[in-house]
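Asks: Mind having a look at this structure? Questions to follow.
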Amino acid sequence: MNQLDFPILSLMMGLPMLAAIICLFLNAQAARLLALATTLALFVLGVVLWINYDIGGPQWQYVERAELFGNFAWALGIDGISMMLIMLTVFLMPICIGASWEAIQERVGEYMSAFLFMEVLMIGVFAAQDLFLFYILFEAGLIPMYLIIGIWGGANRIYASYKFFLYTLLGSVVMLIAMLWMVQEAGTSDIPTLLNYDFDPAAQTWLWLAFFASFAVKMPMWPVHTWLPDAHVQAPTAGSVILAGVLLKMGGYGFLRFSIPMFPEASEQFIWLIFVLSMVAVVYTSLVALVQQDMKKLIAYSSVAHMAIVTLGLFAFNRQGIEGAIIVMLSHGLVSGALFLCVGVIYDRLHTREISRYGGLSINMPKYALLFMLFTMASVGLPGTSGFVGEFLSLVGLYKVNSWVTLVATTGIILGAGYMLYLYRRVAFGELVHEDVKAMPDLSKREMALLAPIAAAVMWMGVYPESFLAPIRGDVGTLVARIDRAAPEGDAHLKMGSAEAVTEQKLSSADGESH
Amino acid sequence: MSIQLIVFLPLLAAIVAGFGNRIIGNVPAKLVTTGALFISCALSWPIFLSFVSGNAVEQVVPVLTWVQSGDLDFSWALRVDTLTAVMLVVVTTVSALVHLYSWGYMDEDPDQPRFFAYLSLFTFAMLMLVTADNLVQMFFGWEGVGLASYLLIGFWFKKPTANAAAIKAFVVNRVGDLGFMLGIFGTFLVFGTVSIPEILEAAPGMAGSTITFAGMRWDTMTILCLLLFIGAMGKSAQLGLHTWLPDAMEGPTPVSALIHAATMVTAGVFMVCRLSPMFETSEVALAVVTIVGACTAIFAATVGLVQNDIKRVIAYSTCSQLGYMFFAAGVGAYGPAMFHLFTHAFFKALLFLGAGSVIHAMHHEQDMRYYGGLRKQIPLTFWAMMAGTLAITGVGILGVFGFAGFYSKDMIIESAFASGTATGQFAFFIGVLAALLTSFYSWRLMFLTFWGTPRWIQSEHIQHSVHKTPEEAGEDQTGGYHPHESPPSMLIPLGLLSIGAVFAGFLYYYPFTGAVEGAAFWGDSIAFNVGLMEAAREVPLWVKLASTVAMLTGLGVAFLMYFRGQDRPARLAATFEPLYKFFFNKWYFDELYDLIFVRPAFWFGWIFWKRGDEGTIDRFGPNGVAGLVATGSGVAKRFQSGFLYTYALVMLLGLAAAATWIIVRGAGA
């Protein structure tokens, strides 16, 4: 069956499902404890998954399959990419529960239940091997997030949850239709089979656009990003963490798992669209982030800019670009999650996200200031942190395809430094002017326990990313080999000057190893 | 083993001092960092001396895999060759002395462990930069020193000006880093590697090839070198990207000495020298390096003439001297460029630390207009500053003895002349003119600070100290204030650096720049040009004397204006008021950049947000849909009373049911 001889992926979905149901009937403290215990247990299972993952082994591991009805199957299995995203999920989940420990006091059982249910869906999305199973889990992810914003959110939560819902649902309807057509055409809903099915290029165009409608919103790409700032602002801290940390990765995962390998010709055909939207996103949302007065909005806008690097890397069609994009997804999951936690820490103390209400926190909250600085630097992509590795690889890959786009996208490192340091300065530097800010205590042990593991992971990924690159190497290789036939030619057109070698060296964007 | 200790001890010390100071206390935290740096320094000199004596071999010590992504593969590694060895002694020596100096200078600061931790962290990053074996590790060090610089400029984070300067330094450097990154991308595209030795080996083969960048056709090596050079311009504060350096003086003075004079700002020069075989393949790139360097040398010198803040004068002087190093590299004189980097590190650190000692004595006053007559009060500081001034202005007698700058700066000027190219000639004349200005502003600083009558009471800092107003003080402009000489922890570094400023040039002139000795010393670590070094020694006598004449002229004018006639500067400033204002306001670069970059960025951000996101996307998107729903059927009310949750569930279950139905039917059919 698989290397562990028991259905670990089903267990990882069943366990939180069970806990989610039990939570509904527990009192507040019991629900908290159960949720924490469950998410920690899942983290342990995630580690088991990682340790036993056979790098260089079969593409799909931990495979399990149960036929349900028709050709709809409970089919699970993961490759390295899925595994890293599942790791991200199970790593962030206990932190989310911890972040809600004191902040959530109403309807705690339901809240914990919603989070656990969300975990079921997120693991399922990354593990699903059946197209419809994927679809149901992918779309159902809306519900708990929607409830989390709508019930435990801020003052304007209804508008935010409505906007969130409207955006994400609209895209999903067309994707469903496209999936139905695909299943009819290919005769199967099995994802590994579909990954190697060559659809007619003319049909690919429409299928690609249908999937794009859904993934672009989830990503989110400009101009369908406006739900994100509102959703973040209204969501409770843990909701923001999971939204930025994992839900945003579903769009990128969708492109990676479906759009690019299943429709390579169409992906190539629409490169210009991805490039244009992503370039606009980098510059536009970075500038918008610069003028924000609400901390969460600022970080939300910065997320849009970072996600644009992901799409650019993915659509570079080469190994560096795609590996970089995956590392950006993982890194952004950690860093933006941590930044939202940082906002939550001071929000819990002062109950405002307005940047100008703070200032001088380095004086009375030095530990906080240090960690906030670390995550700020990771966000601006300082080498040695996770942010750099992904950004660098994505842009290296992108440069092979188009130097203009790379030039524009790389301005993100200037603008990113601008808005993040400007934020940091207003929050942590300067004099302590407000009395209530002066009275804020430094990080508690609980808060330290939430942020320190993320800090460690961010440094680990920055200094020794090999741990994270090794599991995905084979899968990216498979993907690059699959899409090589559609890979665009680079715009460099290097031409040798010396007389004996006037042959134009065609720089295929796919690198040597994939051939 | 020693190279690992040299590099990682400062990191370890920074971690211990930064995180552990609450446990171990302030003094141990300072001891750990200072001790680590002195050990690093003690281990560095033998390496350097072994290269001088020719007994050393290049080595690359692998540390850890970093990134492997297809054919892009780079690791953490420590490279030691001649060029690295020179940088090792410069960095660890100045850093160790600055650590020691900070014991005295930062004595009253409540936050000392943090300061020392930052200093050691900086040193670690700088050492990673100079030991890099691939471009990405160099970039790691590059950004690492940028971070440390940011943290140290903003060390007094309660001061708004310090915070603004810190952000400016980081962001302006990032503009340069944009070029550096694109340069790395391009290099990888062309050579398929980021390993420096491999790139340098393959570079000559790419000469003459062409490539498209940003829609235009370029000579491959030219565009790569220019992109990388943009990075060097940012870090080394060259004209256009220099605006952060003077503002960086907001940081504590030891920081200015270490980071913004002796080490970090020279990283750009180091980069060009490290990649010199690559730059040698593009005449255009070298010409650009020469012109940018020369223009910076003269630009910064003109601004330095009229500044009143003692640290800003030295900051512009640094900027100007970096210009010398760049045009030396541009004309192919990499040996003299590195030589000037080496000597400059000693005398410029000395000048900054000396200025710090003056500021310390003058109760934190930095305005030279309120100094005067300090020669008698703080004699040791005076003599240290004197050594630094003699070194930077290049005092010496041909063939006998000279202070450090006499050898290194004159060698640059002579090399520029000997290069024979048009840009080289341009650089030569600029270099001589800038030497005159250098001499003028350096002596102006000395005369204003140490000679003349005291003007101390006009300083607010002094007024606070003695509790008197200028009126109460009357004729006696000292106000009864007694400047005190600095403690030994500050004077010892001054003394040691003075030795460097006096003898560094004399001792290492031949290893660094001699035609035969230089070639042996440098080996393959830079593209050492033997022919140019020979030619530079055979230039006409007037060329050799030109810089000495310029130096004497500058001294003479400064003497007449600031020693003899005290009102002459004011009269001159009034006569040439537009020019004076132009120089005084630093050629209006800050105002210009504010107008064309900073304000538009905020303006566009605001427009995109209010008009774009809210005014267009939301208005016609979700809000438009909501409006339709509301006017059409009035369900929006029920939406908002919590119906939407049910709606969501129903919608999804419906979709799931529809999907299932279709599938089941499909399977049955």
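Every residue number used here counts from 1 along the chain in the order it is shown.
Note that Cβ sites are derived from N, Cα and C of the backbone, with glycine treated the same way.
Automatic prediction, not curation, is the source of TrEMBL annotations.
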Asks: Of B:313-335, B:589-611, which range does TrEMBL call transmembrane segment?
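Replies: Of the candidate stretches, TrEMBL labels B:313-335 as transmembrane segment.
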Asks: At a C-beta cut-off of under 8 Å, are there same-chain residues at least 6 beyond the transmembrane segment (B:426-447) that contact it? List them, or none.
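Replies: Contacts with the transmembrane segment (B:426-447): 290-291, 293-295, 297-298, 301-302, 304-305, 310, 313-314, 316-317, 320-321, 323-324, 327, 330-331, 368, 385-386, 389, 392-394, 409, 412-413, 416-417, 543, 546-547, 550-555, 557-559, 561-563.
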Asks: What residues in the same chain, six or more past the boundaries of the transmembrane segment (B:491-510), come closer than 8 Å to it by Cβ-Cβ distance?
Replies: 52, 93-94, 97-98, 100-101, 339, 342-343, 346-347, 349-350, 353-354, 357, 380-381, 383-384, 387-388, 390-391, 396, 401-408, 411, 485, 517-518
Asks: When each of B:82-103, B:115-132, B:255-272, B:313-335, B:541-563 is checked against the transmembrane segment (B:341-361) for Cβ pairs under 8 Å, which one has the most?
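Replies: By Cβ pairs under 8 Å, B:255-272 leads among B:82-103, B:115-132, B:255-272, B:313-335, B:541-563.
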Asks: Do the transmembrane segment (B:255-272) and the transmembrane segment (B:178-196) come close, with at least three CB pairs under 8 A (pairs 6 or more apart in sequence)?
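Replies: Counting Cβ pairs under 8 Å, fewer than 3, so no.
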Asks: Where else in the chain does the transmembrane segment (B:541-563) make close Cβ contacts, counting only residues six or more beyond its ends and a cut-off under 8 Å?
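Replies: Residues 393-396, 398, 409-410, 413-414, 417, 428, 431-433, 435-444, 447-448, 451-452, 569, 572 contact the transmembrane segment (B:541-563) from elsewhere in the chain.
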Asks: Which bits of the chain, at least 6 residues beyond where the transmembrane segment (B:6-24) starts or stops, bring a Cβ under 8 A of a Cβ in it?
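Replies: Counting only partners 6 or more residues beyond its ends, the transmembrane segment (B:6-24) has Cβ contacts under 8 Å with 30, 32-33, 35-37, 39-40, 43-44, 47, 78, 88, 92, 95, 113-114, 116-118, 120-121, 123-124, 127-128, 131.
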Asks: Cβ under 8 Å to the transmembrane segment (B:178-196), counting only same-chain residues 6 or more beyond its ends: which ones?
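Replies: Same-chain residues near the transmembrane segment (B:178-196) but 6 or more away: 71-74, 79, 132-136, 138-139, 142, 202-203, 206, 211, 213, 220, 223-234, 274-275.
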